[in-house]
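Features as listed in TrEMBL:
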| type | residues | note |
| --- | --- | --- |
| DOMAIN | 8-58 | domain 'Sushi' |
| REGION | 77-152 | region 'Disordered' |
| COMPBIAS | 96-118 | compositional bias 'Basic and acidic residues' |
| COMPBIAS | 134-148 | compositional bias 'Basic residues' |
| DOMAIN | 211-278 | domain 'Sushi' |
| DISULFID | 249-276 | disulfide bond |
| DOMAIN | 367-433 | domain 'Sushi' |
| DISULFID | 404-431 | disulfide bond |
| DOMAIN | 627-684 | domain 'Sushi' |
| DISULFID | 655-682 | disulfide bond |
| DOMAIN | 685-744 | domain 'Sushi' |
| DISULFID | 715-742 | disulfide bond |
| DOMAIN | 746-805 | domain 'Sushi' |
| DISULFID | 776-803 | disulfide bond |
């Protein structure tokens, strides 16, 4: 039970958390009582005090009901005796009207609605001897309680549904004594009885209360790192209907979500609750330097994130530690680049009183100079003598000469400075810079080496993607670059680079992953997913999204919904585009904020930018264009899987009749309007003639020399074939191998065909000793030997038998029998 300003009430159905310094009281369930432990607790600093919980044990209540009923039975017996004259003293006792009223006023209602025992006993006696008795049918007086009054009517309102669980004692009265009622409330209301509780009419009163549907209050939500401004008449826990509270965050935190909440029928009208999150930090401008990893001035980074920066030449950073964002403040504060104090700066090319050769005229000036800075790759001389490392004395008029060691061109490179009144006069040079400048002049139009090793970056030469790791390109070659997916990566550097004097101009292209690749970090730009229907889309080589007219394009900006809502910015005002959290099946409505272009037209072209609540951006440049590749030409025996020439169409190519395909088997229509490869062709391939075989006894009968054609093999008489009897012409223009061979062992040739019968084996040649068995059809009779054998002389043991009909056989026999008589 929660202790509030209105008393103690049950909070469990709707309050899940208790604010600080609030109290609760423990209560046991029905038929149990608190036996030990504290009766309540207080929330202090996020912990309950005391922390131990009480114990509930079964309650041992006295049987008050049974004792009361027994006493009432005794009183009724006394009443009966009084009426029968057994106790005349009781009959003579009369109570005046004032006594009755006094007793009724002194009667105390008990918790369950019944009057106390003493008053009820007196009512029984009054029923026995009082003047309220009425005559019954037999002429005797009828005694008893007064008829109880019904309870107050429950109004029939639209938000309430009344359910009578148990009717009362009077069927003619809806809410008579004893009726049990439950109510159901419509949306936006709640029962004052609690969940699944009922009210009962007892002696004209509703117990525990009269049923009604009331507008519930709103529970003030918990706001970590913040607080609410409540109405003056509101408690810290609940807000009544039509009241508003305002949220605010402590320093170092920013509010995400609606800044105010209005209560309406027990629900907050805002779609989400406000939350306080650590404030991000805005990156300031770095003078004489720049940020790394794709960051730039004006972007924001999330709390706890770090960035690094680099300084330009001759400058050093104010801190070498990474810059960290802590509750909206960058630490260390005011990062920047300052001039290197250890770097010698000569000032200007001008010297006092003329050229350096006239330095001797200044020898009378006083101040001395500190040791000059060393120059890498040079020898230093003081007044013509090699300078020692320990030398510290450089008085006014001292000349120091620098000589570069081993220049590229073999030329002597040197310069000198002079100390004048405590300052070095002359130009400070660098051997490396001088040599590089000389080398640059010496360069001619040499080729450039492109190292294709940057992850997530695609390089193109025209329409051809560069897939090799190291490729050499001629001078004036122009390469184009984009990220592997323009929605999931963002590119820094140059989109195009040209080979000039052996080097690539511009900056190297790099692609870094966005928030999807970094667990949806606040300090990263948002990932944009690209989905399309009813038409093709494609990413061009220069990083644009080409959309075919009529296509439905969905661009989904990824951002965690509970941290706010991103917004879309479009570079034109052609029309209003629908946007919102996606609700399509299989999509994530808590992550994908979608902008849709329905049935794209040319006027929809432009730049679409998603801006996150932390002000990070990512853009997609959309170009609506009807891209078609040239029509596919008709070529001999060439088959196309499709004749469509629209953007992103894939066409598979093949040849008829087994001819060979010369070229790429698949073509793709690119955003440039060109096919990815030249159109292939089909060529007829023939296998060679087999007139000159290595085996002199092997014979070849070519049926066809085209691809798929066959050749049949046989041996000369007396030799047997070992191996396949035929071969096929392959698409490579060669006969399938291996070829058979003819063995040197003599054999029998094919014996012949049996008419009206079958033979056990049909071959060109049969080995010595091999047998062949003949059978006749069922209606035929064999004449001759059913089995013949190949003998050693390569002859068959007998001729092939005959299969004759019975009529032919009888005629033959008849002719044979009549011959001698002729």
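Here the Cβ of each residue, glycine as well, is placed from N, Cα and C on the backbone.
Small disclaimer: the values here were computed from a predicted structure and weren't measured.
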Residue among disulfide-bonded residues 276, 431, 803 with Cα closest to the Cα of residue 715 (disulfide bond): 803
Residue pair residue 249 (disulfide bond), residue 431 (disulfide bond) - Cα distance, angstrom, rounded: 59
Residue among disulfide-bonded residues 276, 655, 776 with Cα closest to the Cα of residue 404 (disulfide bond): 276
Between residue 276 (disulfide bond) and residue 431 (disulfide bond), the C-alpha gap once rounded to whole angstrom: 57
Cα-to-Cα gap, residue 776 (disulfide bond) vs residue 682 (disulfide bond), nearest whole Å: 52
Cα-Cα distance linking residue 742 (disulfide bond) and residue 655 (disulfide bond), given in Å to the nearest integer: 37
Cβ contacts of residue 803 (disulfide bond) (under 8 Å, same chain, 6 or more positions away): 754, 755, 756, 757, 774, 776, 777, 780, 781, 782, 783
Alpha-carbon spacing, residue 682 (disulfide bond) to residue 742 (disulfide bond), which is rounded to whole Å: 38
Rounded inter-Cα distance in Å - residue 742 (disulfide bond), residue 431 (disulfide bond): 84
